[in-house]
Amino acid sequence: MKYILVTGGVISGIGKGVIASSVGTILKSCGLHVTSIKIDPYINIDAGTFSPYEHGEVFVLDDGGEVDLDLGNYERFLDIRLTKDNNLTTGKIYQYVINKERKGDYLGKTVQVVPHITDAIQEWVMRQALIPVDEDGLEPQVCVIELGGTVGDIESMPFIEAFRQFQFKVKRENFCNIHVSLVPQPSSTGEQKTKPTQNSVRELRGLGLSPDLVVCRCSNPLDTSVKEKISMFCHVEPEQVICVHDVSSIYRVPLLLEEQGVVDYFLRRLDLPIERQSRKMLMKWKEMADRYDRLLETCSIALVGKYTKFSDSYASVIKALEHSALAINHKLEIKYIDSTDLEPSTLQEEPVRYHEAWQKLCSAHGVLVPGGFGVRGTEGKIQAIAWARKQKKPFLGVCLGMQLAVVEFSRNVLGWQDANSTEFDPKTSHPVVIDMPEHNPGQMGGTMRLGKRRTLFQTKNSVMRKLYGDTDYLEERHRHRFEVNPVLKKCLEEQGLKFVGQDVEGERMEIVELEDHPFFVGVQYHPEFLSRPIKPSPPYFGLLLASVGRLPHYLQKGCRLSPRDTYSDRSGSSSPDSEITELKFPSISQD
């Protein structure tokens with residue numbers, strides 16, 4: 001097993017996750033099995049109770065793990081399925097050690113950060129690195145570990161010490177450290193400054209880790225003189241200084257690393273069992289990046305949500321929209337609309353914001369209402385849903401978005417004026433959305449219906465069934481406490497709101513479609529968590545197709561992706577060029 005540790009310096013949020021994912025991508029393109037671990041030095045057990053404003057979205061895994069959004073990057077880039085133990089937090093490791101102490105495993109010893117916490121970290125990493133994450137079930141050969149935060153943070157000290165010891169435990173030829181640092185370029189001088197990187201590497205080396213690669217994040221490509229300066233002061237060769245400058249799309253980052261000889265370096269440094277050959281998977285990334293840069297037509301989607309001021313709150317939703325837009329050869333324009341701005345109360349208090357929000361909504365090609373919690377902004381979302389329904393605008397509601405679509409339909413079509421979710425109005429006489437039986441009140445963490453669940457299609461001719469390739473069932477990830485009241489199903493269906501997908505027991509409403517509408521769909525699950533760049537999520541893909549007016553034509557042609565549209569580079573084909581000529585997204589004609 002080979003371990004690659006990715007650390008960060010100067011500031012957080014400079015793209016360690018994308019760089020770690022890109023390193024995994026180029027290694028996977030060489031035919032290796034790659035897994036990933038994200039370490040977050042906060043004391044929370046998991047990301048389940050985080051505010052989206054503070055930490056971005058909560059990413060949900062197959063096993064129901066609520067984890068950091070960086071694990072979403074790993075899954076999308078590498079097309080793997082991770083588990084909750086691939087996200088290690090200070091809280092998890094302390095809980096693990098304290099539980100062992102309570103059981104008497106330490107035989108009365110004084111339990112300390114060193115050696116007990118640091119040993120537990122190393123054991124966790126070595127154990128988790130061996131868990132298969134690919135569909136073929138084979139054991140990984142490389143584990144990419146991202147240490148969150150920045151070097152020098154007091155929270156990350158136990159992890160730095162653990163990896164200082166770890167590099168000797170697994171031997172130098174099996175361990176490599178990539179340090180990601182910022183090279184700022186003040187506009188006043190236009191000169192690239194290396195001092196922050198020098199200080200960051202000096203601090204890391206003082207803690208016992210010496211970087212093998214220094215990855216410099218910068219606005220523009222590094223000058224040769226700057227590269228040589230970093231090489232001299234950071235104790236690395238010039239070819240070990242890697243420049244990752246701002247690029248048009250993140251699809252270019254793996255290509256950027258490949259061009260600078262990162263694979264050749266790993267080949268020598270870690271003695272990896274790979275051959276120098278043309279790599280099909282990277283060709284697919286290059287093809288995607290080139291397509292992305294050549295897009296001319298634009299499709300605009302109004303994202304009506306509660307957390308629109310911080311785009312990371314909807315990271316996977318945005319990625320799913322981007323994947324689908326690329327598949328239909330359109331640039332994506334997302335119009336972020338704070339749902340409270342659409343409410344009548346805003347018209348009285350801030351009329352300019354109200355009219356600007358409605359202007360954005362009316363000018364969009366399609367409307368998306370994503371998941372969320374809490375009553376604030378729900379009436380604005382209902383207003384947007386009502387507008388999309390009446391104006392025949394393509395609409396997709398995800399989780400809360402689906403629930404509010406049912407509330408809107410109940411109020412404005414069935415005439416139940418007080419129809420609501422019991423989450424917002426426990427005393428409503430028409431509880432169209434109710435608390436779930438699985439929910440255990442009183443404890444915030446882990447009380448929802450989480451993880452991958454199966455949904456069965458109830459009819460042969462629904463739009464969603466066709467988008468999923470005319471299959472009998474689908475498996476998607478869930479994260480919700482409330483659901484559509486099954487008692488009211490008949491009343492809603494009689495008026496044209498069809499529940500075309502239900503759970504295995506037939507008790508939970510999973511997919512809803514409105515008759516006589518170009519595309520009005522609600523899903524209780526979160527399809528964005530399984531969207532991939534080459535395999536866009538069917539609900540989002542349907543929304544984009546409908547938004548550009550091509551859905552009917554696509555449904556007539558049949559909806560299967562090419563079997564070659566996968567990430568696997570272990571197909572045994574000796575002709576990557578022939579595969580690349582067949583790389584095609586879902587077939588869309590220009591009419």
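Backbone N, Cα and C atoms are what each Cβ position is placed from, and that goes for glycine too.
In Swiss-Prot this protein carries:
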- Cys399: active site, for GATase activity (ACT_SITE)
- His526: active site, for GATase activity (ACT_SITE)
- Glu528: active site, for GATase activity (ACT_SITE)
- 569-578: compositional bias 'Low complexity' (COMPBIAS)
- Lys100: N6-acetyllysine (MOD_RES)
- Ser562: phosphoserine (MOD_RES)
- Ser568: phosphoserine (MOD_RES)
- Ser571: phosphoserine (MOD_RES)
- Ser573: phosphoserine (MOD_RES)
- Ser574: phosphoserine (MOD_RES)
- Ser575: phosphoserine (MOD_RES)
- Ser578: phosphoserine (MOD_RES)
- Ser587: phosphoserine (MOD_RES)
- 562-591: region 'Disordered' (REGION)
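Annotated features, which come from Swiss-Prot, shown on the structure.
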residue : record                           : Cβ contacts under 8 Å, 6 or more apart
Lys100  : N6-acetyllysine                  : Tyr106, Ala120
Cys399  : active site, for GATase activity : Pro370, Gly371, Gly372, Arg479, His480, Val523, Gln524, Tyr525, His526
Glu528  : active site, for GATase activity : Ser316, Val317, Lys319, Ala320, Val398, Ser537, Tyr540
- Note on the structure: Per DSSP (helix/strand/coil reduction), Glu528 (active site, for GATase activity) sits in helix
- Task: Would you mind checking how many other C-beta atoms are within 10 angstroms of the C-beta on His526 (active site, for GATase activity)?
- Result: 26
- Name the secondary structure element type, per DSSP in three states, that contains Lys100 (N6-acetyllysine). helix
